[in-house]
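Notes follow the structure.
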Amino acid sequence: MLPNRASANSLSAPIRSSGGFRDSLDDKSKASVVQIKGMFSVTSENLDHVKGSPLRKSTSVGDWLLDSKQASTITAVTKSQKGRYHTSGLILVFMAEPISLPLQERISLKSNTRRVLSLTILFLFFSLLYFRICSLKEHGVTWLLAFLCESWFTFLWAINVSSNWNPVEYKTYPDRLLKRFQDLPPLDIFVTTADPVLEPPILTVNTVLSLLALDYPPNKLACYVSDDSASPITFYSLSESIKLAKLWIPYCKKYNVQVRAPFLYFSVHEPDSTSHPSSPEFVEEWKHMKTEYETLTKKVEEAVQNFTPLDLTGELATFSNATSENHPSIVKIIWENKEDFEDRVPHLIYVSREKQPTHPHHFKAGAMNVLTRVSGVMTNAPFMLNVDCDMFANNPNIVLHAMCLLLGHEKERDSAFVQCPQLFYGGLKDDPFGNQMVVWQGYLLHGVAGIQGPNYTGTGCFHRRKSIYGLSPDDVELGKNVNLDVAAKLDEETLRARFGYSMELTKSATQLIYEETAKSDFPDDLLGTLEASTEVANCSYEFNTQWGTKVGWVYGSATEDILTGQRIHAMGWSTVYCTPDPVPFLGCAPSAGPVIMVQQKRWATGLLEILFSKRNPIVACILGDLWFRQCFAYLWMNLWGLASIPELCYSILPAYSLLTDTPFMPKVSETATLVAAPLFILYNVYVMSEFLGCGLSINAWWNNRRMSMITATTGRLFGVLAIVIKLAGLSETVFEVTPKEQNATDDHNVDPDPGRFTFNDSPMFVPGTALVMVNIVALAMGLVSFKSLVWINHSGSGLLEIMCSTWVLVSFLPYVKGLYRKAIKHHKELQRRASSQDYGVGVTSQLECQRESDRIATKADLEQSLKDAVEHFKALATKKIARELKQQLEAITAAGRLLPDQPPATAPPDSAVTSLALDPEAAIHVGVSVFPIDVDETTEVVEEDRLPVEASKDLK
Ligand SMILES: O=c1ccn([C@@H]2O[C@H](COP(=O)(O)OP(=O)(O)O[C@H]3O[C@H](CO)[C@@H](O)[C@H](O)[C@H]3O)[C@@H](O)[C@H]2O)c(=O)[nH]1
Ligand SMILES: [Mn+2]
């Protein structure tokens with residue numbers, strides 16, 4: 001039997017059990033002699049006890065191990081207020097557990113009350129439809145529209161009932177895993193980043209540090225960072241971070257740190273003395289680490305702000321000619337773990353795939369495929385974890401938990417991938433933007449976990465390399481019985497067609513497929529694989545291969561995660577949901593209206609791209625091995641964007657009904673109200689109970705509900721439009737990266753009202769605004785004639801319509817408030833401009849006046865007008881304006897100097913001003929470009945380097 005594992009490779013902390021296994025201690029704490037099993041650290045003063053004890057230092061894991069057949073006893077175990085155990089003596093250990101005990105347990109979460117409630121709601125939905133059909137003839141178009149919308153809602157509810165019928169969760173036993181496997185399997189970790197501005201490198205650094213410090217044998221981990229922007233700053237930041245990693249990792253293991261992303265760990269001003277024995281040594285080390293981290297942060301920030309311009313020589317020379325859209329493949333080994341005992345830092349490899357402007361890159365899916373190939377050549381671990389650059393590891397034992405699920409099923413087919421929930425830190429209270437997705441993950445993912453398994457959500461997922469390589473579970477079974485030499489020869493052609501021409505890659509794939517993976521000499525000589533790994537990162541590598549179709553991440557959708565997960569399910573694999581405590585990964589949720597709308601638009605588009613392709617779940621269900629109920633669950637997701645249309649329609653109906661005096665709801669006196677009213681109440685009670693069940697507040701439910709109405713008129717609706725445009729062949733969809741910011745604390749001091757809804761000038765906000773306006777008018781009209789509607793036996797709209805319209809308006813309240821604030825701001829802006837305080841308005845308004853009166857006819861006129869403007873500015877100028885003005889005027893002159901080379905046919909070739917004079921339109925354009933007047937909330941007034949290019953372009 002394999003020994004139990006103890007954690008912490010230091011000899012200086014008092015003996016204690018690690019947090020990850022604390023649950024096994026709980027009910028045994030009252031006895032003066034207790035049984036403890038799990039991970040232990042050993043203090044120097046206890047070292048002598050260890051010598052004669054069953055504890056020994058592990059060579060493979062690097063920690064303290066205990067022979068599980070023996071036990072010793074201690075007294076004086078104390079439990080601190082926070083539930084931690086301390087002892088001054090040696091540990092008393094555990095009961096031996098037979099090796100046959102399962103590594104994981106599937107627990108049903110089904111609730112009869114919820115089932116009955118959800119069926120009652122379904123019954124009420126059908127009753128309402130029946131009622132509508134019966135009285136369809138007597139009513140107008142509103143009735144028909146209401147019927148169509150409600151049919152849609154009924155359909156979605158039916159899917160919901162099916163998806164949530166038997167929710168499950170998994171309990172994992174990492175301690176048993178450690179007993180069973182002396183040699184744990186290797187894991188390749190992928191982190192993706194795409195833009196150093198939208199995704200600050202310090203975020204990526206934190207994520208990487210948290211992953212390198214995971215409680216898993218460091219020689220079994222390799223971390224690959226994909227940088228789609230080929231940014232020297234990102235590379236530099238990672239190179240610097242490895243210096244910190246050498247201190248941070250031993251520190252975390254020594255003190256059993258739980259949050260291993262330094263920015264969050266050090267967000268407190270004092271060390272947490274309750275979670276660690278506050279020995280002076282600990283406090284000292286804490287302070288030292290904090291200073292080291294701050295030094296790193298400073299270096300990274302300075303590089304970002306270019307205070308220390310990076311010298312693009314040496315290691316950085318590769319980046320000197322690289323732009324994010326055009327550069328060769330860059331693969332750099334930042335750190336190779338050569339199994340040096342002191343430096344237990346896993347491999348860290350930087351990858352920036354080749355980019356060419358003419359070549360499609362498939363966004364994140366393309367990046368993931370390159371990572372899969374590069375890691376295939378370098379380390380070829382049978383499992384791969386992928387996280388987005390903002391998703392740091394929050395549970396140091398997460399790999400052990402995931403391995404319980406990957407290795408603990410009888411057959412590999414039961415766990416193609418292990419998905420962890422995608423949760424966020426520092427989220428705003430009560431989720432004002434409805435984008436923390438807690439309930440979605442708390443209910444729906446547990447629901448599908450009870451069918452074929454959770455879908456892949458793009459981050460926090462452990463993949464089985466075999467399933468990513470496009471193998472079906474049957475192929476895997478077959479692979480086990482094949483002689484490797486024979487197979488390699490037979491399959492060479494097939495392997496090339498599938499994986500591409502790299503011999504190294506096909507060789508590593510063969511090893512993987514035919515189960516020769518457990519390479520004993522891991523880690524490899526990474527340097528020796530550099531050439532091959534750079535080659536597989538080239539953008540032409542995928543030509544005539546199955547990458548992006550049958551192998552790797554699937555191309556063709558902005559939600560590559562859903563599409564890829566679905567392909568895996570359609571191959572017959574099942575998947576597992578992993579929800580240990582503490583939460584495995586945490587990332588940052590976007591805030592502010594416009595950013596969320598753009599994200600939701602991308603999701604809606606991506607999901608519809610799947611629906612309107614030959615890879616849609618219905619086809620996968622008929623032709624592939626996607627289970628019927630799983631297909632429904634996928635449909636529910638795919639339709640999320642499209643659902644915005646009936647939802648929008650249903651939100652307009654009350655207003656339309658009031659304005660045209662045609663009913664869309666039954667009268668209060670009619671029996672059908674006995675269906676509509678309970679349906680409305682029960683539905684909301686059901687959803688509310690899900691929020692309460694996830695530990696959220698009623699406010700959070702309310703915010704999510706109304707945000708889903710708001711996104712139906714903005715992001716999701718525009719996602720539908722984007723797909724229509726794509727299907728019409730007019731444009732391709734793009735992946736707009738969500739901006740991320742590091743926010744370690746809950747205090748949003750900078751912004752007194754961070755949850756407020758903000759707008760920009762995007763057309764995305766037009767439908768919502770129109771909806772609000774129409775409802776206000778309709779409600780006003782409805783209320784004016786309210787008395788007559790209620791008391792007289794009126795056949796038109798009535799009380800229920802008024803209530804529905806009010807409901808819509810109340811739901812849009814944050815939106816209305818945002819609009820109001822925007823209007824006020826706009827008004828103030830106009831006032832400010834009217835009093836000529838804005839330097840830009842001077843020229844622009846003058847030029848506009850001139851256009852109106854068509855007075856620009858001569859060079860002298862225009863020159864005079866510019867001179868006037870300059871005088872005007874001088875009179876106004878503050879220091880900043882004066883400086884910017886000077887730059888702008890220089891830019892005008894520069895634009896002018898461009899002209900002699902490309903003179904317009906009729907223009908005298910000597911100055912830009914002359915040409916402007918001859919072309920009032922160009923003059924206006926330059927005026928507007930130089931002095932932009934359309935200032936929205938997020939735009940800086942001056943865009944300094946824009947002018948020369950634009951001006952010269954327009955002048956041509
Ligand atoms: O060309 C690209 C675009 C994006 N990314 C990376 O993809 C990840 C996700 O991008 P993000 O802008 O954060 O998208 P989100 O909407 O927040 O992401 C969710 O939705 C995506 C699908 O739309 C999934 O891929 C993500 O994993 C999931 O977190 C980030 O690490 C990016 O750096 C790239 O590597 N290359
Ligand atoms: Mn993200």
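Placed from the backbone N, Cα and C atoms, the Cβ positions cover glycine too.
No curator has checked TrEMBL annotations; they are predicted automatically.
Since the structure is predicted, the reported quantities are computational estimates derived from the model, not experimental observations.
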| field | Range annotated as transmembrane segment in TrEMBL, from 387-407, 618-638, 639-659 | value | 639-659
| request: Consider only the recorded positions Asp228, Lys364, Asp388: which of them have a Cβ under 6 Å from an atom of ligand 2? Write none if no residue does. | output: Asp388
| How would DSSP class Asp561 (active site) in three states? | helix
| Quick one: which of these recorded positions, Glu199, Asp228, Lys364, Asp388, have their CA within 10 A of Asp561 (active site)? | Lys364
| Around Asp388 (Mn(2+) binding site), how many other CB atoms lie within 10 A of its CB? | 25
| message | Under DSSP, is Lys364 (Mn(2+) binding site) part of a helix or a strand, or is it coil? | response | helix
| remark: Rounded Cα distance, in Å, between Asp388 (Mn(2+) binding site) and Glu199 (UDP-alpha-D-glucose binding site) is 10
| Under a criterion of Cβ-Cβ distance under 8 Å and sequence separation of at least 6, what residues of the same chain contact Glu199 (UDP-alpha-D-glucose binding site)? | Thr193, Cys389, Asp390, Val737, Pro739, Lys740
| message | Considering only Cβ pairs within less than 8 angstroms, which of the stretches 639-659, 679-702, 764-786, 798-816 has the most against the transmembrane segment (714-731)? | response | 639-659
| Which residues, given as numbers and ranges, are at least 6 beyond the ends of the transmembrane segment (679-702) yet have a Cβ under 8 Å from it? | 114, 117-118, 120-121, 124-125, 128, 430-431, 438-439, 442-443
